[in-house]
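Following: one structure in structure tokens, then a few remarks.
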Amino acid sequence: MKGVQFLVAFVLLALASKLVSTSDPSPLQDFCVAINDTKDGVFVNGKFCKNPKLAKAEDFYLSGLNIPGNTSNQVGSMVTPANVQQIPGLNTLGISLVRIDYAPYGGLNPPHTHPRATEILVVVEGTLYVGFVTSNMDNRLFTKVLHPGDVFVFPEGLIHFQFNIGHTNAVAFAALSSQNPGVITIANAVFGSDPAINPDVLAKAFQLDKNIVNQLQSQFWWDNN
């Protein structure tokens, strides 16, 4: 009987492994339109690869993350990325890094989402109020106040934020589980899209007066463009 159970478990494991190995890879850009002729190809799921024999140390190297980002902007924060755009050697490795600087009290990395990555953030300076919201229907808010050395995880695709509640500059570093995680800043995407979303849609969705929607759209469209 034990032999039969072992055989069944082995078969199920083999089938599971087969399914995993044949599943589609996660996308590394927002979309990838299929073409029949590769001479017209521009993007693949990642980037075209250099001949390994031509690779050099500089392909895996980036300097400058010790330099504070300029937080003199409307939200009081600056994200400095270290992804495949800056480090070509990250292509296909499924990981990237960012430095985030926050202005004293009020510096905000506004609510946003990474469609292709989970994020793990560590605070190295200052005090941050951070959180994420789960998907419908619960929409549960998970928050924590972080101090230097504290770590927090933002699950893939969920809306999250960081807010500097201290009276000094704050700095954090975050690793993301994609070479190109993507970012959708909620307010910018909703109110600053190009072309603009029909104000009637947003007025009903957010239960706002249409004039307020128009005002928000004009502000965010100007900021984004």
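Each residue, glycine too, has its Cβ placed from N, Cα and C.
In TrEMBL this protein carries:
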BINDING   Asn109, His114, Glu119  oxalate binding site
BINDING   His112, His114, Glu119, His160  Mn(2+) binding site
DISULFID  Cys32-Cys49  disulfide bond
DOMAIN    63-214  domain 'Cupin type-1'
SIGNAL    1-22  signal peptide
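With respect to Cβ neighbours within 10 Å, the binding-site residues His112, His114, His160 differ, and His112 shows the lowest count. Within 10 Å of the C-beta atom of Glu119 (oxalate binding site) sit 22 other C-beta atoms, taking all shown protein chains into account. The Cβ of Cys49 (disulfide bond) has 11 neighbouring Cβ atoms from other residues within 10 Å, across all protein chains displayed.
Counting every protein chain shown, the Cβ of Asn109 (oxalate binding site) has 26 other Cβ atoms within 10 Å. The oxalate site, placed at the center of the C-beta atoms of Asn109, His114, Glu119, has further neighbours from the same chain whose C-beta lies within 8 angstroms: Val98, His112, Thr113, Ala117, Leu121, Phe154, His160, Ala174, Leu176, Pro181, Val183. Each residue in Thr113, Ala117, Phe132, Phe154, Leu158, Ile159, Pro181, Val183 lies on the same chain as His112, His114, Glu119, His160 and has a C-beta within 8 Å of the C-beta centroid of that Mn(2+) site, without being one of the site residues. Within 10 Å of His160 (Mn(2+) binding site), judged by CA to CA distance, lie the following recorded positions from the set Cys49, Asn109, His114: Asn109, His114.
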